[in-house]
């Protein structure tokens, strides 16, 4: 795994975290940047500069035995697109320049899929299937992006079609491409073998990912059938989780014996967040709760961060800790603790505040100030981890 490429990913993550911190500060002071524009920058850099590029590095490292120069060139072209979004989104939002860089990133991702499909060599049939499914969901998600232009020109940005197109992209990026990709890498590292149980897990996770898209559609185009489809998807997702836990149970001693205590702790953290994520989705069976989730921004942000920072980033941190790019020391442990503590504290605040709004209670005293202070821990933790990688020889 190339150190400089991983450092670039962490640099992007740090910038995304600082953008997020600025968004939190905007509620207690002036930031002199359009809030909506900065939100676009924050989300794009976190998704495409951090998670996507880390998966790019990990996929090429683990699944492409004979490295070709084209992968390095493609990485830097993709990073150029990320920097373009980093510099354009905060000042103009969705405009010609930022859209151009976003489009470049999409075309780079298409070429990445082509290269991985062509050059990959994976001994395990199970991991091969899972890797390909994750890439399929990545391709599928981009249909939502291509629908945005026609949606704006035909029915406008306030239309249900426009909003559903955005949710389509986000859903299949988060729950399809990102989630299944980290699971594929995790299975590769524990050397999971193909089995009937795995095949069932794969069928369940694919079907549940497709079916649970019904919930965000229902927010903008309500219909009772969508709730039933989502409900079935959530049940299938729960079944997939149970099988997932059964699949990894025989490998728990392998994980403990071949990794540091810190790495095991980070994997447990990611796994706990994964279980919690599915548990929260089970609550969508209750009409009052899914309506509250749609109406209260705090709950939506809390759930997105649970998936992005808890599950996906948790696994990505675990993969980096397993590599030779990092030195396990007190500085690194402090960085990991700061990040996880910042995540837990901000999640608790978001959920509590969302529930207080739902029950028509008054706001948490100094809510936005506390949210900002706790959020400071996230970029601090990322910075310490990045410095550890930088210093490691």
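Cβ coordinates come from backbone N, Cα and C, glycine included.
Computed from a predicted structure; not experimentally measured.
According to TrEMBL, the features are:
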- 5-25: transmembrane segment (TRANSMEM)
- 45-64: transmembrane segment (TRANSMEM)
- 71-89: transmembrane segment (TRANSMEM)
- 95-117: transmembrane segment (TRANSMEM)
- 129-152: transmembrane segment (TRANSMEM)
- 164-189: transmembrane segment (TRANSMEM)
- 201-221: transmembrane segment (TRANSMEM)
- 227-248: transmembrane segment (TRANSMEM)
- 269-287: transmembrane segment (TRANSMEM)
- 299-320: transmembrane segment (TRANSMEM)
- 332-354: transmembrane segment (TRANSMEM)
- 366-390: transmembrane segment (TRANSMEM)
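Where the transmembrane segment (164-189) meets the stretches 5-25, 201-221, 366-390, the count of C-beta pairs under 8 angstroms peaks at 201-221. Each of 71-89, 129-152, 366-390 was scored by its Cβ pairs under 8 Å to the transmembrane segment (95-117), and the highest score goes to 71-89.
Within the chain, the transmembrane segment (227-248) has long-range Cβ neighbours (under 8 A, six or more residues past its boundaries) at 183, 187, 190, 192, 195, 197-198, 200-201, 204-205, 207-215, 218, 255, 274-275, 278, 281-282, 284-285, 287. Panel annotation: around the transmembrane segment (45-64), residues 1-2, 5-6, 8-10, 12-13, 15-17, 19-20, 71, 75, 78-79, 81-82, 85-86, 105, 109, 112, 115-116, 119-122, 131, 173, 177-178, 181-182, 185, 188-189, 308, 312-313, 316, 319 of the same chain, lying at least six beyond its termini, place a Cβ under 8 Å from a Cβ of the stretch. By number of Cβ pairs under 8 Å, the transmembrane segment (5-25) is matched best by 366-390 from the list 71-89, 129-152, 201-221, 299-320, 366-390. Here the transmembrane segment (299-320) has long-range neighbours at 6, 13, 46-47, 50-51, 54, 58, 174-175, 178-179, 182-183, 185-186, 189, 263, 266-267, 269-274, 276-277, 280, 292-293, 326, 336, 339, 343, 346-347, 350-351, 354-355, 378, 385, 389, meaning same-chain residues at least 6 beyond its ends whose C-beta is under 8 angstroms from one of its own.
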